[in-house]
Structures are given as C-alpha cells and as structure tokens.
Amino acid sequence: MTEFPVVLVINCGSSSIKFSVLDAASCDCLLNGVAEGINAERAFLSLNGGEPVALAPRGYEGALQAIAGALAQRDLIDSVALIGHRVAHGGDLFTESVIISEEVINNIRQVSSLAPLHNYASLSGIASAQRLFPQVMQVAVFDTSFHQTLAPEAFLYGLPWEYYQNLGVRRYGFHGTSHRYVSRRALALLGLPEQESGLVIAHLGNGASICAVRNGRSVDTSMGMTPLEGLMMGTRSGDVDFGAMAWIAGETRQTLSDLERVANTASGLLGISGLSSDLRVLEQAWHEGHARARLAIKTFVHRIARHIAGHAAALQRLDGIIFTGGIGENSVLIRRLVSERLAVFGLEMDVARNQQPNSVGERLISADASRVRCAVIPTNEERMIALDAIRLGRIHTAALA
C-alpha cells in the first residue's frame, strides 16, 4: 500500500467517466483513464492511454467499481484521501468549489435543467462515489464558477427582464476550470502581479471559448447560457443570428429541437467543410488544397481573432494572449493564422518558437519585439480540481506552497 495520500478526480460525461489519480503532495498524475459506453451494450475501460478492456454493460456505479478495481491493483485504493468532481453547471448558486453535502447536491439538482446531460451525469457519479468511498471527503468544482465575477452588463442578454428574473436566462460561461488554471500559470510565466494584469485566454479544442481575465478575475467570456454561444467549434455553430434560424425553421419546417441539434452537432468545422470536425484532418486537407476545408479553417480563425480582439476591450491593459486546449496547444497553423489577424495589437509571432512541440510545455511564442506577449500554456483541469480538493480538505502540501 502506498504511504502517501492521493486525490481521485472524476469527470462524468453523458456516456463516459474520465478519471485521474494525483499525488496530493505534488499533484503529479499517477494514473488516468476513461470508462466509455456507460449504460450502453458495450463498455470499455482504458488506463494511461492503453488498449481498452471490455467491461460488462453497466451504469456509473459499475464503471466506478471497475475504476476502483484498477486503483486496488496498483495499491492506490487505500490512499484515496479526497475526491474532486467536475460539475458542468453551477448556475448562479456556486461561485467557487465546495465540499459536497446534501445541500450542495440539492442545489446542483436545482440548476441541472441548465445542463441536463452533464449535470445529471455528475450527480450519478457523486452518488456512486459516495457509496464506494463513504469515508472520503468529496469536492465539487464547477465549470461555470470562475465566470461568476462577470458584471451584469457582461452576463445579461438584451431580452425582456422577466426571462432573467424568473428563469435565470443569462450568460454563465464554461471552461472556467481551464481558464482559471491557465491564467494563474500565465501570471507566473510572464512575471506579472495578479492585481495589475490583463490576459486574453483562448481555450481551443473541439469545444472552444475565449476569456478576458483582469487582475485574476474573469470579466468576459465567449460562451453563454450554454456552450453553443461564441466561437465556431468542431460541430457547434457558435454565434448565429436567431433570425436566420427562425427563417430556416419556416423554410424547412424543422422544429426548434431539430435546429438546436443541427447547431450543436452538425455545424462548425464539420458543417462548413463537409469533411470532418477534427482539425487534424482539416489541416491535412488544407495542405492538399481542399477548398471547403480551407474555408472552414479561415472561418474558425476569423471568429477566434474577432473574439480575442473584442475581449481585450474588457481589460484595462493587455499583457498577454494565451493559447491552450488541444488545438491551441498543438496547432502551429491555427496559432500563426490567428496571430496574423491580431497585428493591430502589435503582436508579432516568432516562427521558430511557434513551431516548438507541445512536449516543451509552457512557452512564449511571440517575438522579442512584439508589443504584446503571446504564449502557449498546456491546460491541466485535473490538477486544478485536485488543488481545490486539497485546499478545501485542508491537506497542506508543497503543491499549495
């Protein structure tokens, strides 16, 4: 049995559970994996990126039992001192991470209509983990809480007041755990004091969002009440004129639910290219001269640059533009194209720095002469969740020093 405490981080999706085990002293990852096919006929568990192993068809508790078995095989099960759960939506009830209690569970349930697929999955994971680890303190970390510092003028829609007052219709933002982690690392990398800083962070993956961070606090973000607003993404449309959607509905007799599905699952890079939602596929097609792949990438880049520029207006100063997420960390092409469109800020990209692989880790990619610095910082949401669990669980470690 290991002689040191570990933190188990759990991220329950609608059909999967991603998990990581981190050393509570250093927050280094000791084990990670994913259970897929929750509540499906075929379920699998893969560890550390290895080959998936078939599991008996099972729900969240069965999948967590399989994960617990994997921990036991590695003498980690008895070392689990804290469990951190990623929860997609905290509404306006949760402004920070919290220790899970019955009241917290009830409040999560209360706001779950805002993100039914993800929140109810998280609630199932929490209930299962509580049964499997009854003596372990558990913490909820919300994807929306970092953005609860937005001012009303930044989170309100231009809709009748009653929709906000009676239904809670407003902008909440997402990717908050990633934006919070990356903004902290950016301050260290750029040598900036938190209370005198202005950053724009571009979290670019299959889901993508921009966040303006002023003096360590989120002051604007591109996603809204749902993750559909903002940037064009892998399969999501991003910002679309509602009038255009109403016109399409009238012409095609599609329902609101039909169009929501189209905007979420058949649009974005996939919709324009007609080829793929995977940027790696589209980049290959770009180099092969595929016209619609090139158009999809150009549209993607245009939206990113426009949102970065717009979010800079929420800052009192612009110290850095930071790329993160799977695309932001790995795509030399996207970073170059976005940076070219931000020349108005005096941003100059260093070609050699930009071409460094992500294995280099945190790195500056702007030229020395650039008026605004630009960096790549690999996100680590699991580490951020573990740090929150450690802080709330009052385990004093070197990772918090």
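Any Cβ shown, glycine's included, is placed from N, Cα and C.
It should be emphasised that the depicted structure is a prediction, and the values quoted were computed from it without experimental measurement.
Look at Swiss-Prot and you will find Asn11, Lys18, His175, 203-207, 278-280, 326-330 tagged as ATP binding site, backed by sequence analysis. Asn206 (ATP binding site) has a Cβ environment of 16 other Cβ atoms inside 10 Å.
If you look up Swiss-Prot, you'll see Asn11 marked as Mg(2+) binding site, on the strength of sequence analysis. In the three-state DSSP scheme, Asn11 (ATP binding site) is classed as strand. Sequence-distant neighbours of Asn11 (ATP binding site) (same chain, 6+ apart, CB under 8 A from its CB) are Ile17, Lys18, Phe19, His85, Arg86, Glu382.
A strand conformation is recorded for Arg86 (substrate binding site) in the three-state DSSP classification. As annotated by Swiss-Prot, substrate binding site applies to Arg86, with the evidence given as sequence analysis.
Swiss-Prot lists Asp143 with the feature active site, proton donor/acceptor. In this structure, Asp143 (active site, proton donor/acceptor) belongs to neither helix nor strand by DSSP; it is coil. Long-range neighbours of Asp143 (active site, proton donor/acceptor) (same chain, six or more residues apart, CB within less than 8 Å of its CB): Arg86, Val87, Ala88, His89, Gly90, Phe174, His175, Gly176, Thr177.
Per Swiss-Prot, the feature site 'Transition state stabilizer' maps to His175 (among others). Over all protein chains present, the Cβ of His175 (ATP binding site) has 28 other Cβ atoms lying within 10 Å.
Annotation source Swiss-Prot lists site 'Transition state stabilizer' at Arg236 (among others), citing sequence analysis. Secondary structure at Arg236 (site 'Transition state stabilizer'), taken from DSSP and collapsed to helix, strand or coil, is coil.
Other C-beta atoms found within 10 angstroms of the C-beta of Asp278 (ATP binding site) number 14, with every protein chain shown included. Here Arg236 (site 'Transition state stabilizer') comes close to Gly207, Pro227, Leu228, Ala263, Asn264, Thr265, Ser267, Gly268: these same-chain residues lie at least six apart in sequence, with C-beta atoms under 8 angstroms from its C-beta. Remark: Glu329 (ATP binding site) has Phe323, Asn358, Val376, Pro378, Thr379 as non-local neighbours, by Cβ distance under 8 Å and separation of at least 6 in sequence.
The number of other CB atoms found within 10 A of the CB of Arg86 (substrate binding site), across every protein chain shown, is 22. All protein chains shown were included, and the count of other CB atoms within 10 Å of the CB of Arg280 (ATP binding site) stands at 12.
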